[in-house]
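Visitor: Take this structure first; my questions come after.
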Amino acid sequence: LDCTVIDGNLKQIDAGSGSVVGVNNLNETFVLIDNVFTKISGSLKHFSVGPAGQLGVNTANNIFKYQSGGFVQLAGLLKQVDAGGDQIIAGVNMYDDIYCLNMDANNKWPSSNTPWVQINGKLKYYSCGPYSCWGVNSNDQIFIMKDVSSNVCSGSGSFINIPGLLSMIEVATDGSVFGVNSQGNLYQRTGVTRSKPDGTDWISMVACPNGHKHVSFDLGVLWLVCVDGSIRKCILTD
């Protein structure tokens, strides 16, 4: 990995659709503007950006979508939300229940109802890409949901366990999958394609000298939050 340090300190980062966002330990929200993490108004504990828009949740688990210059609340409660799917929203609540919102409902919003779809299972973290969603449960076991589309955000409806243990996982808009385990090690899933969305193996890589906390990938750039909160921007090298 070819990495550079970006000024700032974050606990969570997300890159998608050409944007990069994050939050710090004070739940202040940041957007990358001209390679500088710039504070914007609003308090969030998790912030996600992607084809579904800019979405976040606060410490009370309220859900917000950034719309015309400010955050507007969506109906429902989630502790973590993801905007990386094909205009679908996905996330998990405080009980590790899993929900998603189809493209039509997301794009029609704000409307009188927000028809969240519950997905069978329990996950503490859930992230979607163009054709699959990946998640981890409270035991750090890894699961994939296949056949996810903009109109069927729940996919096939049944999770498949993938060998390995991760504490967080992110699927990029191009389908790439990266994750971090509880020891702070960084992994990429190899062999991921539309026809084989679960890929083949985990390979480890190092971007942070003292361990990794959070990872996201977009447009060929890997964005890392290290254990100490410092930020790395890395280019994948063969």
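Note that Cβ sites are derived from N, Cα and C of the backbone, with glycine treated the same way.
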Visitor: From the candidates CYS226, CYS234, select the one that Swiss-Prot records as forming a disulfide bond with CYS208.
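Guide: Disulfide pairing in Swiss-Prot: CYS208 with CYS226.
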Visitor: On the 0 to 100 pLDDT scale, where does the repeat '5' (157-199) sit on average?
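Guide: Summarising the repeat '5' (157-199) by its mean pLDDT gives 98.
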Visitor: Quick check for you: of the recorded positions ASN27, CYS128, CYS133, CYS208, which have their Cα within 10 Å of the Cα of CYS153 (disulfide bond)?
Guide: CYS128, CYS133
Visitor: Filter the disulfide-bonded residues CYS100, CYS128, CYS208 down to those whose C-alpha lies within 10 angstroms of the C-alpha of CYS3 (disulfide bond); answer none if the list is empty.
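Guide: So the list reads CYS208.
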Visitor: CYS3 (disulfide bond) has how many other Cβ neighbours within 10 Å of its own Cβ?
Guide: 16
